[in-house]
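Trainee: Mind looking over this structure? Questions follow.
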Amino acid sequence: MILVVDVGNTNIVLGLYEKQELVDFWRISTDEDKSSDEYSVLINQLFQYSGLNIKTVEDVIISSVVPNIMYSLEHAIRKLCNVEPLVVGPGVKTGINIKYDNPKQVGADRIVNAVAAFEKYGGPLIVVDFGTATTFCAISGHGEYLGGTISPGIKIASDALFQRAAKLPRVELVKPGKVICKSTVSSMQAGIVYGYVGLVEYIVNKMKKEFNVRSKIKVVATGGLSTLIDSETQCIDVVDKFLTLEGLSLIYERNRQERQAILKESQA
């Protein structure tokens, strides 16, 4: 089985794949202060709680936007699985032609999402990822990564409002029934949630115009708060909560032959 690991600024999501089918997945908090031993114990416990054996993992692929965590995490995986994990970056085959001024600047998570979205839904398309940052990525009909937009995530905006405005409380990210609100809490919730709906609709519509194509441009959303925003807009066609994990599985398969050769050599 293949373990795929998506390291984000807020959460680490792990998925276990067998023959490209998701067997199980787990979500843990990203913590740069955790040691490799702590990560090793935590990951092993996740497997045990699910009735799985970590020793069934043949190989591991990681996508990360948090460089400071990689030493501890990679060391933990080497210890648990006895493999050197494949890390998405330069030299890893993705099948995506990146049309960025500096391709190295594109976050691994954005590339992984693009791979999965184009494979599953074709192009042209826009991928919106509601993570710590909200990212919008444009992929052409030929599977080229054209570029995109990065904006503060919904939770970042909510936390900033609480931290910078002395009289405003921290609020739960839920959708109030209207925008003419009668309390401070519901007023903040309406501003955050419906404000983000407006942001998403505007950027998606502007991106579609910049594509300058006649064919339909599909919009695929992923990330923890994608369902919340999707419930208030018509501009999202598909919500795919496992998009990043599937992208990692696909990228692994595109590098499988080379990986198998490396693993065989290391075991010789």
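Note: Cβ is positioned from N, Cα and C throughout, glycine not excepted.
As listed in Swiss-Prot for this protein:
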ACT_SITE  Asp109  active site, proton acceptor
BINDING   Asp6, Val7, Gly8, Asn9, Thr10, Asn11, Ile12, Val13, Thr132  ATP binding site
BINDING   Tyr100, Gly107, Ala108, Asp109, Arg110, Thr184  substrate binding site
BINDING   Asp129  K(+) binding site
Trainee: Cα distance, the residue listed as 'K(+) binding site' to Tyr100 (substrate binding site), nearest Å?
Mentor: 18
Trainee: Within 10 Å of its Cβ, which one of these binding-site residues (Thr10, Thr132, Thr184) has the largest number of other Cβ atoms?
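Mentor: When each Cβ's neighbours within 10 Å are tallied, Thr132 tops the list.
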Trainee: Could you state the CA-to-CA distance between Asp6 (ATP binding site) and Arg110 (substrate binding site) to the nearest Å?
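Mentor: On Cα coordinates alone, these residues lie 11 Å apart.
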Trainee: Given the binding-site residues Gly8, Thr10, Ile12, Asp129, Thr132, tell me which ones have a C-alpha lying within 10 Å of the C-alpha of Arg110 (substrate binding site).
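Mentor: So the list reads Asp129.
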Trainee: Show which residues of the chain containing the residue listed as 'K(+) binding site', separated from it by at least 6 in sequence, have their CB under 8 Å from its CB.
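Mentor: Those within reach of the residue listed as 'K(+) binding site', by Cβ under 8 Å and sequence separation of 6 or more, are Asp109, Arg110, Asn113, Thr135, Cys137, Ala221, Thr222, Gly223, Leu243, Thr244.
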Trainee: In angstrom units, rounded to an integer, how far apart are the Cα atoms of Thr132 (ATP binding site) and Gly107 (substrate binding site)?
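Mentor: Cα to Cα, Thr132 (ATP binding site) and Gly107 (substrate binding site) are separated by 13 Å.
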Trainee: Least buried of the recorded positions Gly8, Gly107, Ala108, Asp109, Arg110, going by other Cβ atoms within 10 Å?
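Mentor: Looking at the recorded positions Gly8, Gly107, Ala108, Asp109, Arg110, the Cβ with the fewest others within 10 Å is that of Gly107.
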Trainee: If you measure Ala108 (substrate binding site) to Thr10 (ATP binding site) at Cα, how many Å is it?
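Mentor: Given the Cα positions, Ala108 (substrate binding site) is 15 Å from Thr10 (ATP binding site).
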Trainee: How many whole Å apart are the CA atoms of Ile12 (ATP binding site) and Thr184 (substrate binding site)?
Mentor: 33
Trainee: What Cα-Cα separation, expressed in whole Å, is found between Gly8 (ATP binding site) and Thr184 (substrate binding site)?
Mentor: 31
Trainee: Whole number in angstrom, please: the longest C-alpha to C-alpha distance across Asp6, Val7, Gly8, Asn9, Thr10, Asn11, Ile12, Val13, Thr132 for ATP.
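Mentor: For the residues that bind ATP, the greatest Cα distance is 13 Å.
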Trainee: Quick check for the class: what is the C-alpha distance, in angstrom and rounded, between Thr10 (ATP binding site) and Gly107 (substrate binding site)?
Mentor: 15
